[in-house]
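Worksheet: the structure to be examined is printed underneath.
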Amino acid sequence: MASVLKAQKANAAKSDKKGKRKAEDMDLDGDEEQTLQVRPKKKNKQRVLMLSSRGVTHRMRHLMNDIEVLLPHVKKDAKLDSKSQLHLLPELADLNNCNNTLYFEARRHEDLYLWAAKTPNGPSIKMHVQNVHTMDELKMTGNCLKGSRGIVSFDQAFDETEWGRLTKEVFTHIFGVPAQARKAKPFIDHVLTFSIVDGKIWFRNYQIMEKDPLQPNGPPQTSLVEIGPRFVLTPIRIFEGAFSGATVFSNPEFVSPSAVRSAIKRERGNKYGMRKQAEQDRSGRKELRRLEEDELAVSKVFS
């Protein structure tokens, strides 16, 4: 009986030795300890302040509302009274706990300029907004969930120039919705696309369709349907600071809309001047063709 008990104890000791070692008993190197440590995930803390100047039209206001719907991490503020005191914008962004700013500047109730800036240290990009079409105006068939996050897509042409790479980085911070945004929904159902054509930035918004609406029970077919809004941005200048500082990039091909209008008026004025000059030349030719009165004229003979 004693021999049987000794054999059982020996088998138990062998099984303990063959078992897995505890993590405390394992001798880990320095590199393995670092890999076992859980690295904290970097959070995307981007908040955007959106505001406009005085004098915006209904189309500009509707465009701002559409962009506010697309970006749930945007905080809208009241209009800025003065257009010459742009140095106040970084302070307003700091008061609203925002590190990005979208400022819509309206001039003469017809020209719209967009400032996209990183506050408070910059850089900032000034762009001219053209060909604005809002969601209500387009009446596209696409649709997306309000507050959903969108995929930000950039054209390959952004990586070919320095100003394109800088603009891509700024737009990524502004239009990329963080997952921790308070009003954001945990869904991705649309794509925000930025493309460079003819030196201009074209913006489009598309819905991601996973199935064909005409065949709901058919196989999945991923397609894109435009939602809106759409607009075109012409870069004018890129400044080193927030709404100030040295000029990093200047677009030599940009012509201000006021210069275009003045050229059109000048052309109309040239047409008017040419018409008046033609009238004077015609009247002068009539005077040269007029003959002198003859002595045997009826008016002189029977006077």
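Any Cβ shown, glycine's included, is placed from N, Cα and C.
Since this is a predicted model, take the numbers as computed values, not measurements.
Per TrEMBL, the range carrying the annotation region 'Disordered' out of 1-34, 137-170 is 1-34. Across the range of the region 'Disordered' (266-286), the DSSP-based residue counts are 21 helix, 0 strand, 0 coil.
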